[in-house]
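Colleague: If you scroll down you'll find the structure; I have some questions about it.
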Amino acid sequence: MQGPSQLALFYFANGLPPDDIQDLFQRLRSQSKTESGWTLRAFVVQATNALREEIRQLPHHLRNPLTPLDNALDLAVVPDWRRGPLAGALEGVLLCLIEIGSLIAYYERTPDPFKFSARTACFTGIGTGLLAAAAAAASPTLADLPRLGAAAVRIALRMGVLVAETSQSVEAREPDAPADNWAAVVMDLDEDTVREELNLFNASTNNLGPSRLFISAGGTDNVTISGPPSKLRQVFRVSEKLRSARYAQLPVYGGLCHAPHLYNCHHWTWIMEPINGAAFNQNMVDTAPLFSAGDDVPFEASTPRQLFESVVCDLLMGMIRWNRAVDGVVELLGQTLPSECQVYAFRPCAVVTGMVASGQVKLPHCQFQTHDLLGWTCHDDTDNGPTCREDSSIAIVGMACRFPGGANDLNQFWDLLEQGADVHRRVPADRYDVESHTDTSGKSRNTSLTPFGCFIDQPGLFDAGFFDMSPREAMQTDPMHRLALMTAYEALEQAGFVPNRTESTHLKRIGTFYGQSCDDYREANAGQEVDTYYIPGGCRAFAPGRINYFFKFSGPSFDCDTACSSSLATIQMACTSLQHGDTNMAVAGGLNILTNSDGFAGLSRGHFLSKTGGCKTFDCNADGYCRADGIGSIVLKRLDDAQRDNDHIFGIILAAATNHSARAISITHPHAPSQAELYRDILTRAGVSPLDVDFIEMHGTGTQAGDSTEMESITSVFSPGVPKRSRPLYIGSVKANVGHGEAAAGVMSLIKVLLVLQRQAIPKHVGIKTALNPRFPNLDRLNVRIPHDQVPWPRSPTRKRYALVNNFSAAGGNTSLLIEEPPVRPEPKADPRAAFTVAVSAKSKASLKNNLRSFLAYLESQPSISLAHLSYTTTARRMHHNHRIAVHGSTLSSIMQELEPYLPAVDTHRPVPNTPPSIAFVFSGQGSFYTGIARQLYEHHPGFRLQITRLHNICLSHGFPSFRRAITGDLSNDGSEAEPIITHLTIVCVSIALCRLWETLGVKPCVVAGASLGEFAALYAAGVLSASDAIYLVGRRAQLLQELCTPNTHAMLAVRATVEQIRNVLAGQPYEVACINGSSDITLSCSVADIINLQLAIEQHGYKCTRLDVPFAFHSAQMDPLLGPFEHIARGVTFKAPNIPVMSPSLGDCVFDGKTINASYMCNVTRNPVKFVDALETARGMDLVDAKTVWVEIGPHASYSRFVGSAMPPGTATIASLNRNEDNWSTFARSMAQLHNLGVDLNWHEWHAPFESELRLLTDLPAYQWNMKNYWIQYNGDWMLRKDGKSSAAAASHPHQAIPPALRTSLVHRLVCESVQETRVEVIVESDILHPDFFEAMNGHRMNGCAVATTAIHADIAFTLAKYLYSSIMPNSTDAPAINVKNMQVQHGLVARKDRSRPQLIRIRGIADVTRGLVSLSWHLVDEQGRRVEESFATAVAEFGNHEAWLEEWSPMTHLVVSRIDVLQRLADDGTANRLSRDMVYMLFNNLVDYAEKYRGMQMVVLHGLEAMANVTLAAPEQSGGKWTVAPHYIDSVVHLAGFILNGGNGLDPRRNFYVTPGWKSMRFARPLVPGVRYQSYVKMMPIREQSGFYAGDVYILHEGQIVGLVGGITFRTFPRSLINTFFSPPDTMTHGGSQAGSVHQPACSERTLPVGPARQDSAARETLCQGHGLSRTVMDSSDSSPATTLTPPTLPSVAASTESPIVHRAMALIAAETAIELTELSDETAFSSIGVDSLLSLVLAEKFTAEFHLDFRSSLFLDCPTIGDLKAWLIDYC
C-alpha cells in the first residue's frame, strides 16, 4: 500500500523477459480464465479484436502466418515468428501483451489499489516498453487499462509494420535469411568520435541518404550506431577506430527507429489513425508523469491520444539518452521527497539496478525497494473458479434448402409458403411400392398405416464430378449426404465464402454441425448390395465429415440425433462452438430423406402419423403428422465477425438453448412447464421482453397432445393475459405446408422465419382444415393470431422485430432460438472506380453454360444493379473454378455485351490448368512518360497512394525534388516541363508501387526483365536493390545527366527492321544501335545533325521509322561523360543476389548469381545497347519462360508487350498495368480479367478491400447450376416386409394357395402351386385377363377394336415371377436383383372376349434353375377348370444381373446414341426429318393401335425413315392405378417407338400392311421407370436379310443423357392388313374355329422360332470392355447428317488403340468399371482425385489390378501416379 510518503516508480523494458515466453503466456491465459481475472480477460479480448482488425489490413503474405487469431496470447506460439518479415512488429506486440497483461494480473492478485497521481507515481521505459507505460500512466483505474492497453498493442503492431516496411525500402532482407542486426553498441568511445567516424564513412561511400549510418542512442560510456545491416558490417571493417573499440551487435531485428532522417509527421499520423474515440480524447487529470528515454522532463500531454502520439514520435525520431531520463526521475524524487520508493519492473535488470543506485546516491534519505511484476507467475495458486464468458450474438449469413413440393431453392420455398400450398402426396415409386407396403387396417406385417408423405423431387440428383466423386461412390452415398454437400456449397456461395479470405473464414476454424435421425438409404437401398462405399456412403458421421473433407475445413464436424429437434439442437451446438471460440464459422443444418418403409410403419403404428394426409396443425381434427423429406444448410458467424467481413446478415440468433421434458407423463409426451422454462431462459439471456416477440414459428406437428401442450406453453410466456399484449402475437407452423421434416424440421422452420424477416410478411397458415382445436385457450382474448391470409410485417424505425423458433423432440428434448432482424445498413457511397471485372466460373462445361445463361438472365432482370457490388460479389466473394470467364466494363450493358458471345462458345472454351502459369514482370523504360501517370490509382487506391507517399519520402530524404506533380497531372500534358530527374523518379517509383500492388493481388513473378530505366525497378523486384537504393541510383544518374549532358543534341529513332538490314542501308553513316527489342524492332541513336539523313535513308528503302521525343540519346556515346561519376556513386550501394532470375537486356543474358550485378553493371545499363530479344531468347532456352508464361508489363504504358508478343510463340499472353489515354481502373479491370481467365490465382479481396465498406454482397444472384445426374439405388421388392428370413415360397400341393403379397399384382392373381427343391424352385400362377385390373391394362392397347395384351404385359409378369423366385432362392438376401427378360417369344396374340361374365384364364409357369441363375417362363391358356387348352403361347427366360454392370456396359455407346439423337434433331430443324407432336403421333398410330391415355407417353417424335427418337414422359401415379412390378404402360411408352416407325411412319406402307412384334432378344432396365420423369427413346429398325418381312432393332432408353434401359433385338413381322380381322377379333365372336381360351394364331409362325434380334447383339458393348484391345469397330460421326445404316457401340479411343499396350487397355477398362465412368472420359489429364479415386477405391483398384495382372500393386500407386497419363506411363515402364 502506497502512503503519502511513498512513491511508485514503474519501469517498462524494451525486451522480452528471459523466461520461457510460451510459459508466461500460458500463465496469463490461466489467470484470464479465473473468476478474479475479469480485467485481464477484458484486456485480452480487446487486444485480440484490435489485432484482428489490423491483421485483416495486412497484405496476404504477411497476414497468412498470423491467422487464424483466436486469442492475442496465441501469438506466442506462432512458428518461427522471429524469422518472418514482421519479427520486430510481433516482438513489440508480445512485449506490450506481457507487460500490460502482467501488470493487470499483478494488481488483480494483490490488495494494492491501482490508482496513481503526479505525487504518488511516475513511469518510464525504453523502446516499445514506453507504449505499455503510456497505457498504464493514462489509466485512472485498472478498469480503464484494458482499453488503453489494447490501443498500445495496436500501435505496437502498426509501428512495427511501418518500421519493417521503411527499413526494407532502405535495405531489403533476403527471403528465408536469418534476422539481421540493425544496431550495434560501441563502448569506450565518446559520441563525437563515433559521429566523426560515421560521417567519414558515409561520405566516402556516397552513403548520404536514407541508408546512412547514424547514432540512435548515447550514454555515459557507450554509443549505439544504427543503419542497414550491410553498412554496419562494412563500417566495422573499414573504420580503424570502430574496429579497434569494443562493440557488440544488438538484437534489433525489426528495422530502424530513432531515425529523424527517415520518418516525419506523415508516419506517426498513419500509426495513430485508428486511435480515436471519446476514451482517447478525455482530459487526463493529475496523472502520473511518463518520462521518455531521451529527456529529463516528462511527456507533455493532456489526453491519452496525445500521450501515445508523443511516445510514437519519440520512438521514431527521438534519440535515446537514458542518463537524462534517470536524472529526470531522480529530480522528481527530490521534489516529492518520499521516504520510500517502490520500484516495479518486469524481472530484475541492470537498467533498474543502475537507476536505483543513482537514486540512492542522490537521495540517501529514501529507501528503495524493488518488486517483480512477474513474480506472481512463480506461484501455483491460480484461482480456478468459473470463467464468466460473455455470450455473442450469432449472425446467419447464408442458407440453402431442398424441401418438398419442388422447393429446391429459397425463392421456390417462399412461393410455396406464399401460395399456402399443402404438398403432401402418396409415397412415390422411387421410394417403395406404396400399395404393397401400406395397409390402413394394420393387419399386414410391417406395413404402414398411411400412404402419405411430403417428398423432395428426385433426391438422387447430384453433381458427382463437382465433388470429386466417382459415379460408383455417388450411387452408394446417401442422398442426404449428397444434398448436404450441395446445399452447403449453395449456402456458402450465398454467404460469399472464400477460403482464408478473413480471420473468420480461415479453414482451420470452420466446423460443420448437422442433425440426422435416420439412415433409410443405407438400410433399404444401398443395403441391397453392400459395396465399397457402404460405410462412408451411409453412416451418419460421414455427412458433416464429407463436407469438412471437401471444403478442407479443419474445425469440428458433428452429426447429432435428437430425433425431431436434431437440426435445431445441432444449430445450438454450432452457436455454442462459435461463442466459446472453438470455431469462427459454422455450417449447420438438418438432413432427412425417406426411403425405408419401416419408419412409416413404426411411426404410424405408434400413432404418430396422420392417416388422412398432411399435418393439420391447430385443427380440431389433427390426427398426427405427415413425414417429410428436408435438407437445409445455414452458415453462421459471430455477429461482429460477420459485420467485419461485410457479410449480408439474414438474421441474428440472440439466444439458443435446449432442455428436457423430464417431468412429462411419458418420454414422447411434451411438457408445457418445461417448454415455458426454456422460453424464459432464452429471453433472459437475450434481454428481450416476451411482449416484444411478434412471431413464433411453432413446432406444430398436428398432433393433439403436441399442439395443445405447445400452445399452452407459448401463451403462458408470450401472451399471459396480464400484462396484455399491445401488439398481436402471430403463430404458425411450416409443417402444415411441407410436412414434418423430423431431423430437418428445425432448420426448415428457421429458414422460413429468416424468409419472413427478409420478405417482411408472415404467410398464411394452412393447417386448419375444419375448425380451430377447441383445447386451445381463447386466442382472441390473448391477442394471439393465426394468419389465415398473408400478414405484412415491415421493419419499424423505432423497434426491432423478434421471432422465436420452437422445436421439440419425441425423445423429450426442447430447443428454441430467439431471432432478431438483421441490422439496417446505410446506403453505400459511390465507388470511385470507373471500371470493374465480373467473373463467372464452374467445374464443368455444362455448369458453366448454365451459370452464364442464368447470370445473363439475372442481369437482364436487374438493370439497376450496382456494377461495383456485382464485381465485388462475383470476384472477391466467390470460389472460382477452372472453367471460367471474366470480363470487364464500366456499365452493366457493356458487361452483358462482353459475356453474351461466350454463351454459344462454351463448348469450345478451355478450362484453365490446375497449375497456375508462371509470371514474368517486364519493366518499361523512360520513353513512355506522360503527365498524370497512375493518377486515378493515386487518388483513390489507399494502398497505392501509401506506397507512392513512402517512396516520395525516400526521394525527399535523398535530397531529390518532389515528383508528385507528375502523378497528379499538374505538369503540362506532354510532360515537357519535367526535368529528367522528375520523369525518371516518377517512372521508377510508379513501377515499384505497381510491382508491390501486383504482388499484393497475388501476382508474383518467377522472372523479371527491365528495359533501360526499367531495369532499376526490375532489380528492385528481384531483391537485388532496395527501394531506397534504386531511387538513389536513378535520381543521381538523372542529376548527372542534367549536369554532364546537353539535352536535344542527340536523338533516337525507332525502326521496323533488323540490325542487318539497317547495317546495309546505313553503311558508313554515323549511328549506334541502342535497343534490339525484336527481330525487326530496333532503336538507333545518333546526333541531331545526323538524324534527318538517317531517317530519309531508311524510309527510302521502305522501312518504317519514327523519331522518339526524348531529350537524350540513351545507350549511346552521349552517355559516356556520366559513366565514371555514376560508377563511383553506385559503389556505395548494396547489391544482393537476386531472389528470382533476372533477364538482363544490357547483357542479353540471364543473371542468377550475386556478383554479376554491381556498380560496373549499372553503367552498362546506361551505356550498352538494350538487347531485349537476346535476353528473352536466352530465358526461353533455359526454360525460365515458355509459351504459357504470362507477361505483365509494369510501367506507364504497355510499350514492350508488342516486343514480347513478336518474340514468343503465338498466343502468348501480355498484360498491361497502365495505358496512356486510358483510365487506370479500366486497364486494371481488363488486366485482372485476363489474368483470371489465364488461371492466375488473384487475391480479389485485396483489390476490393479499400472500398469494401461501401460494397454490398449480392445474395440474390443465381446459385451454382449443377451438372446433375440421378444417382439412385432403387429399393426393389418387398423384403422390408419379410425381415424374419422365412421364405414365403413354402412347398404346397394345393391347387390354389393364398398368394403372398410379393407375388400378388394386377396381372398375377392366384398361386396355383409352388415347389422348392435343392437346385430347383417352381411356381405356377394363374390370372384372369378379364379381371378389372388385367382387362384395363389390355383395353389400353386396343387393336381392331379389341383389347389385346401388349407384350409389355407379359414382360411385367416375367419381372414379377423372376423377382419372387429370386427371393425364394435367396431368402436371406436383401439384394434386389437386376432382371433381364430374354428371348421373349409370343406365338399367339392374347385377345379379350366380349363376354366378361365368366373368367378368361391363363397360367404362367416359372422354373428357377439355382445352379445357372436362370428362370424359364412359359404362358399357357387354360379353361375354367385349369386344364391346358394347348401348349404354351409365349415363352421367355429371366436372367439375373447387376444394374451397375449394365450401366457400365452401355456407357461406351452413350455418346453414339446421343449423337444420333442430335442428328435427328438437326434434320428436323432443317425440315429433312419429321417432328411430330404427341397428338399427331398417336393419331397416326391409331391406324393399328388405339392407346389409352396412360400408354401415351411419347410427347414428341422425330422420324427419319426407319430411324426415330422420342421424348417420353410416363403417366402420373394417379393415372396408373393398379399394382405392378414394371408397369406395362411404362414399358410400352418407352419401347413402342419401334412399332410406330413401322405402323405410323413414312418409311413403309402401313395402308397395305401392319407390323406386330413376336418378342425381343433382351429387355433390361438399370433404373426404375419413374412417373413424371422425362426419358428419351431411340431406335433404328432394320430389315433382317435372312428373313423377308422381318424387321429388328435395339430400343435405347435414356435419362439425362445416360442409357438406363435397353430392349435389344426387338422384332416385328409384316402381315397384310387384310388379315387384321383374322388375328385381332374377340375369340367368342370368331367363327372359324378359333381357340375358346382367347388365343389368336399368328400365321406361319407357331411352328418355328422367330429371329429376335438384328445381326449385332447388344452384348457387343460388354465385349468391348472385356476384350480390352484388338477391337475393330466403326464409330459414327455425330455430325453426319444422314441416317446411320447400323448402330454399333463405340470403340476405345483410336489413338489409344494404336499406341497403347494391352495392359493399359485392360487397366483403363478396370478403372472405368470400378468408377462407373465412361472410358472416353478417362483422358491423360484426368486426375484420379477428380473421379473419386480416394483411399478406399485405391485399395479396391489395387486389389483388382493384382488379380488381373498377377503383380503386386499397392494402393499408393494412385498417389505416385496422380493422373491417368501418369498411370499409363508407369504401366508401360514397369508392366
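Every residue number used here counts from 1 along the chain in the order it is shown.
Each residue, glycine too, has its Cβ placed from N, Cα and C.
Quick paste of what Swiss-Prot says about this protein:
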- 29-258: region 'N-terminal acylcarrier protein transacylase domain (SAT)' (REGION)
- 391-821: domain 'Ketosynthase family 3 (KS3)' (DOMAIN)
- 921-1241: region 'Malonyl-CoA:ACP transacylase (MAT) domain' (REGION)
- 1305-1626: region 'Product template (PT) domain' (REGION)
- 1309-1455: region 'N-terminal hotdog fold' (REGION)
- His1341: active site, proton acceptor (ACT_SITE)
- 1472-1621: region 'C-terminal hotdog fold' (REGION)
- Asp1532: active site, proton donor (ACT_SITE)
- 1672-1694: region 'Disordered' (REGION)
- 1698-1775: domain 'Carrier' (DOMAIN)
- Ser1735: O-(pantetheine 4'-phosphoryl)serine (MOD_RES)
Colleague: What is the separation, in Å, between the Cα atoms of Asp1532 (active site, proton donor) and the residue listed as 'active site, proton acceptor'?
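Modeller: Checking the Cα atoms of Asp1532 (active site, proton donor) and the residue listed as 'active site, proton acceptor' gives a distance of 9 Å.
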Colleague: Along the region 'N-terminal hotdog fold' (1309-1455), what average pLDDT does this model show?
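Modeller: Mean pLDDT across the region 'N-terminal hotdog fold' (1309-1455) comes out at 88.
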Colleague: What whole-number Å value do you get for the CA-CA distance of Ser1735 (O-(pantetheine 4'-phosphoryl)serine) and the residue listed as 'active site, proton acceptor'?
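Modeller: It is 53 Å, counting Cα to Cα.
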Colleague: Under the DSSP assignment, what numbers of helix, strand and coil residues are found in the region 'C-terminal hotdog fold' (1472-1621)?
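Modeller: With helix first, then strand, then coil, the region 'C-terminal hotdog fold' (1472-1621) has 35 helix, 68 strand, 47 coil.
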Colleague: Tell me, how many other CB atoms lie within 10 A of the CB of His1341 (active site, proton acceptor), whichever protein chain they belong to?
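Modeller: A 10 Å sphere around the Cβ of His1341 (active site, proton acceptor) contains 23 other Cβ atoms.
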Colleague: Which residue counts does DSSP give the region 'N-terminal hotdog fold' (1309-1455) for helix, strand and coil?
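Modeller: Split by secondary structure, the region 'N-terminal hotdog fold' (1309-1455) comes out as 40 helix, 62 strand, 45 coil.
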Colleague: Under the DSSP assignment, what numbers of helix, strand and coil residues are found in the domain 'Carrier' (1698-1775)?
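Modeller: The domain 'Carrier' (1698-1775) comes out at 53 helix, 2 strand, 23 coil.
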Colleague: Neighbour count first, Cβ atoms within 10 Å, every protein chain included; then name which of Asp1532, Ser1735 tops the list of recorded positions.
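Modeller: For the recorded positions Asp1532, Ser1735, the Cβ with the most other Cβ atoms within 10 Å is Asp1532.
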